[in-house]
Amino acid sequence: MKQYITQDPWNIVEEGFHRDHNEITESLMSLGNGRIGQRGNFEEKFTGKTLQGNYVAGVYYPDKTRVGWWKNGYPDYFAKVLNAANWIGIDIDVEYESLDLNTCDVHDFRRVLNMQAGYLERSFVATLKSGKQLKVNSKRFCSIVDDEAGVIRYSITPLNFDAKITITPYIDGTIRNRDANYDETFWDEVRKETAYGEAYIELRTRKTGFHVASGMCVEIEQDAAKVDYQSQPIKYEKYVANRITLDCWQGQETVIYKYAVNLSSLNYDSDSLVKEARQYIQRITRKGFDKMLFEQKQAWADKWKMNDITIDGDVAAQQGIRFNIFQLNQTYTGEDERLNIGPKGFTGEKYGGSTYWDTEAYCLPFYLSTADQKVARNLLVYRYKHLQKAIENAQKLGFRAGAALYPMVTMNGEECHNEWEITFEEIHRNGAIAYAIYDYVRYTGDELYLVDYGLEVLIAISRFWSQRVNWSKDKNQYVMLGVTGPNEYENNVNNNWYTNYIAAWTLRYTIEAVGKVKALNPDKYADLIDRIHFREEKEISTAQHIVDNMHYPFDDGRQVFLQQSDFLDKDLMPVSDIPKGQRPLNQNWSWDRILRSCFIKQADVLQGLYFFEDEFDTDTLRRNFDFYEPMTVHESSLSPCVHSIQASKLGMVEKAYEMYLRTARLDLDDYNNDTEDGCHITSMAGTWLAVVKGFGGMRVDAKGLSFRPYCPAGWQSLAFKIRFRGVLLQITTTQQDVTVQNFSQQPITLRVHGEPLIIAGNSQETVVVKELA
Ligand code: BGC
């Protein structure tokens, strides 16, 4: 754990240059707009510890799989989120010395990510070896208004000298992925051009053939007036630049504006990419930095109006939640149904691929409640469009008759993860995709989604479950052998309770959805079953038989569900018995030792009790929580949030708060010692869940929307906003009472602490906070 980031409600602040933590800070200070993004790297040259990272959404590389022993069914590739051309670079040379914070003395360093307005700012004074002192101030952002553009204002002021300073703004496509399996480069150059103050480069990915054109235009001001500078174009392989030498006087500020764009062939015809890039650059240059920044601030203000969470009385918690909301908004905007939410977003390379079960299990509820309905719908449609690939994926493993197994990790619908215990066995992800359909329909009431898309996906997933279980003569029940549950610290187990449960639940829900769709639109239903050869009677009766006869391992003594059939053979002990210095286990123990231990990486049985809480009483939750939580090491970032929500439900408020802080500040405090790889973007949605479903107690069920809010000790108030079926609400909780404010015209009926409330349009109601469970 590291705590060098200054606590502040709206900013992520690094005071003083923490050279050794630079890659962590770069992850934290990442910028993005859903289409392009980058790590918080320096503009000028830096020879110290850094992971240069620029990313263009949807552009990936199918890196050849690396395994020791090939197994049939493995995917051929592991998709890498591609590190793309570095468009922020501006080299500064003072006579013969380069500005490089690794080799000069650095004073008054401050790097700030302004989350309210969506930009990154940095200032420092550098003393070069010669004693020359240079003051630098930079500000940049990825525009959410012009979402293929980024812009930088970079100013330099000599403090104790007059000199010729050479400024070299560039675009560098020689970049490599640090996580490349065979150390290959993934880009080829297509063309490049330079003109006065402008430069363009078009690169093409190997194998996938994506084209990306990056362009830049540079303007310079001195004494607040535009400078008509001389520039020398520079072209190397995959590199373009303009070298500009200026007379700079002591105390005089020189400001460099660098306008940049990154256009990809996902959105443009590849033949005209550079032409489009030039037009885009001209348009934003005409608009100018100040106007772009103004628009950026407005656009962020609009976003915050819809989804800010305020916590009075706890700056650490406040900063944590805003950081999470900010990064989620930077990663995914829902504008483009081909895109998804990678576990690292635009903040790093690790985890290749862009879509995991994280999207459905964790992120969907965030977008459902904080964005337009079409955003969450697009996340579902994304999977609908991959259905054919999921069917092919299941076929490769021997399943048939339209059974679908969605990939564990994907870019385009194909599986691209190749650890057998995950690819072949962590099949519970299929259930999360079915659950997301249910979650969306329950929240929005949009049952027509089932007619147009949902049922087809549910039937295909149900076909998979029906074939994946087998009848045990010994148990006289259905069993599911050789799986990995959400807890990846156990592999190849039999009857993972969570997987068995979600499989049977999917079958149940599919049967229900068949009935619904038939009633809603018999014609479309008839077309669908004809197209996918759904033998209604037979398939439904098989599904019902499985539902009625599924095996769920259970311990009669403790009255808890068993994570898997043999769980009780393990040497059970609490995490507190692990000797000091041996955590995280995945960095200290052999894999073999981890697999045999009772320690749990992330919510597993508890994940099921979280999804299906309406089907279990509070005592069941408490018994299972008390049994499993003490054995849980939370070494997946997806873990603490589920525990926090459940602890809130059980009235274990201190535990809920402890788990909340761990999720909210996971990256800011580098809890798992891995933030340098990038931020845990998908688990950030879990942080939001811990506030809204945990402290806020928000639920949507057949009776509608309800809340059971409370304020953790030490907080004066907690306020969050949600959108629900056309209504925007703010729920504000103090230690004493809860106020629900309705910002819409339309009235809404809901329950707060079990009491029904009708809140008229544009009004509010206050009730008293009640004791939890
Ligand atoms: C977790 C998975 C998760 C993946 C990506 C792993 O550590 O165990 O559940 O899908 O990270 O976030």
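If you go along the chain as it appears here, the first residue is 1 and each next one adds 1.
Each Cβ is built from the backbone N, Cα and C atoms, and glycine gets one as well.
Keep in mind the model is a prediction, meaning the values are calculated, not measured.
Quick look at what TrEMBL lists:
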- 13-265: domain 'Glycoside hydrolase family 65 N-terminal' (DOMAIN)
- 322-688: domain 'Glycoside hydrolase family 65 central catalytic' (DOMAIN)
- W357, D358, K601, Q602: substrate binding site (BINDING)
- E488: active site, proton donor (ACT_SITE)
- 698-757: domain 'Glycoside hydrolase family 65 C-terminal' (DOMAIN)
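The substrate site is defined by W357, D358, K601, Q602, and by the 8 Å test on Cβ atoms against their centroid, the other residues of the chain that qualify are Y356, A361, P486, E488, S636, L638, S639. Summary: among the recorded positions (D358, E488), the fewest other C-beta atoms within 10 A of the C-beta are counted at E488. Across the domain 'Glycoside hydrolase family 65 C-terminal' (698-757), DSSP classifies residues as 0 helix, 37 strand, 23 coil. Across the annotated binding residues for substrate (W357, D358, K601, Q602), the two most widely spaced Cα atoms sit 16 Å apart. Separation of the C-alpha atoms of Q602 (substrate binding site) and the residue listed as 'active site, proton donor': 8 Å, rounded to the nearest whole number. Between the alpha carbons (Cα) of D358 (substrate binding site) and the residue listed as 'active site, proton donor' lies a span of roughly 14 Å. Sequence-distant contacts (6 or more apart, same chain, Cβ under 8 Å) of K601 (substrate binding site) comprise P486, N487, E488, Y489, N586, T632, V633, H634, E635, S636, S639.
The Cβ of W357 (substrate binding site) lies under 8 Å from the Cβ of M408, H428, R429, A432, I433, each on the same chain and at least six residues away in sequence.
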